[in-house]
Amino acid sequence: MKKLKITGLSLIISGLLMAQAQAAEPVYPDQLRLFSLGQEVCGDKYRPVNREEAQSIKSNIVGMMGQWQISGLANGWVIMGPGYNGEIKPGSASSTWCYPTNPATGEIPTLSALDIPDGDEVDVQWRLVHDSANFIKPTSYLAHYLGYAWVGGNHSQYVGEDMDVTRDGDGWVIRGNNDGGCDGYRCGDKTSIKVSNFAYNLDPDSFKHGDVTQSDRQLVKTVVGWAINDSDTPQSGYDVTLRYDTATNWSKTNTYGLSEKVTTKNKFKWPLVGETELSIEIAANQSWASQNGGSTTTSLSQSVRPTVPAHSKIPVKIELYKADISYPYEFKADVSYDLTLSGFLRWGGNAWYTHPDNRPNWNHTFVIGPYKDKASSIRYQWDKRYIPGEVKWWDWNWTIQQNGLPTMQNNLAKVLRPVRAGITGDFSAESQFAGNIEIGAPVPVAAASHSSRARNLSAGQGLRLEIPLDAQELSGLGFNNVSLSVTPAANQ
């Protein structure tokens, strides 16, 4: 019996520890519902909000209550309206604040990128800001949902239609057409959407290339010499190794001037295409057009392990080649920009966190692209909308209550949709390399052979090389620091 009691106590303690280990989950005010079904009674797939949850979003709940309203929470608690300063205390009420048992995450979907064809910078911008379906309407509806007035032209009753797009310095302004007159309070004060501060960042994973034109390897030099065994025993335990540095000369041309504005976020290495040995790097935060050609040096080696009979020599042949390669290339650049909304806020309802009712003129800038700060980040404000006092700009819970969660998710996904511009050009390179070291049939020798024009190398055990290497000539062909060595094999 004592053993059973101890086991039961252990289960209780384990349950408490598991409950304590579970982290608190956010409660999004836009998903709250007030049910008038009795004390702590909710509709299907809802549960009562507990005291801790209500405390975390008290200002949001109180803002949705009548002056003297009292509504229930879980476990015998109630929350009281603004006339009671939102007090939370034990009590009972006929209505209950409830929350979904399986709440929607409410995340902003990430859409596939909007690809803009390659062109000059102004071409890329023009295509973006004149795209009605993918840009003008989504940004216009964003302004409308936030409470900006008159986000449309005089010749249409719909948001985002009859809009004029004009160049403004290095940016663009989108505003409803004001021709022909209008009716309504300050209807001539159309909300404007300014698009400015464009930036372009190279996406290295987007590399594509067209048809590759690659020349067959061209023989530029043949070096012939001898491996000579002057000893009385066959020699097969030595490696003959050719080492050299070779330069690959490369160049790239950029089809459009937009490449001058494209930067690399991280150090970028050019992808290898074909058989050329190439190592091109562009430093982080550099213009794509800052490096359009150069030379890269690669250290290479070839080895062979010949078997040379006693008092014999075998011919050694090394062939040196060059190869050319060229192809058109394309990368994508991620486009980012500032989106500035300017106009007056509607008195009948707006999403500024203080909800002013005096129709104030309001400017606010969002950054579409990499995170800059909280005030300009739609995604940050949206994700933190469950924390009262954290988001001191727009009341996204209000926009959801007014327009619905799916509507806001769909609109913000379009506003935040990635935009990519094509960067195209042509690439070419020339490289040099050595073929395999070829070994011929042995030839008997009567005595050691020497040549004043040859490189004479010995392993100190009777095997030596006589191979002519003209450093100046080889350098002119693109081969530098050429060396031949004969060394005991490491894995005999």
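Glycine is no exception: its Cβ is also placed from the backbone N, Cα and C atoms.
What Swiss-Prot records for this protein:
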DISULFID  Cys42-Cys98  disulfide bond
DISULFID  Cys182-Cys187  disulfide bond
REGION    68-84  region 'Interaction with host N-linked glycan'
REGION    346-355  region 'Interaction with glycans from host GPI-anchor'
SIGNAL    1-23  signal peptide
SITE      His155  site 'Important for oligomerization'
SITE      Lys374  site 'Important for heptamerization'
SITE      Glu390  site 'Important for heptamerization'
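Features recorded in Swiss-Prot, as mapped to the structure shown.
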residue : record                               : Cβ neighbours (10 Å)
Cys42   : disulfide bond                       : 22
Cys98   : disulfide bond                       : 25
His155  : site 'Important for oligomerization' : 12
Cys182  : disulfide bond                       : 16
Cys187  : disulfide bond                       : 14
Lys374  : site 'Important for heptamerization' : 13
Glu390  : site 'Important for heptamerization' : 11
Nearest to Cys98 (disulfide bond) by Cα distance: which of the recorded positions His155, Cys182, Cys187, Lys374, Glu390 is it? Glu390
Of the recorded positions Cys42, His155, Lys374, Glu390, the one whose Cα sits nearest to the Cα of Cys182 (disulfide bond) is His155
Candidate nearest Cys187 (disulfide bond) in space, where candidates are the recorded positions Cys42, His155, Lys374, Glu390 and distance is Cα-Cα: His155
Among the recorded positions listed here (Cys42, His155, Lys374), which has the Cα closest to the Cα of Glu390 (site 'Important for heptamerization')? Lys374
Could you give me three numbers for the region 'Interaction with glycans from host GPI-anchor' (346-355), the DSSP helix, strand and coil residue counts? 0 helix, 1 strand, 9 coil
DSSP tally for the region 'Interaction with host N-linked glycan' (68-84), helix/strand/coil in that order, comes to 6 helix, 7 strand, 4 coil
Lys374 (site 'Important for heptamerization') and Cys42 (disulfide bond), compared by Cα position, are separated in whole Å by 36
What is the separation, in Å, between the Cα atoms of His155 (site 'Important for oligomerization') and Cys42 (disulfide bond)? 48
DSSP three-state assignment (helix, strand or coil) for Cys98 (disulfide bond): strand
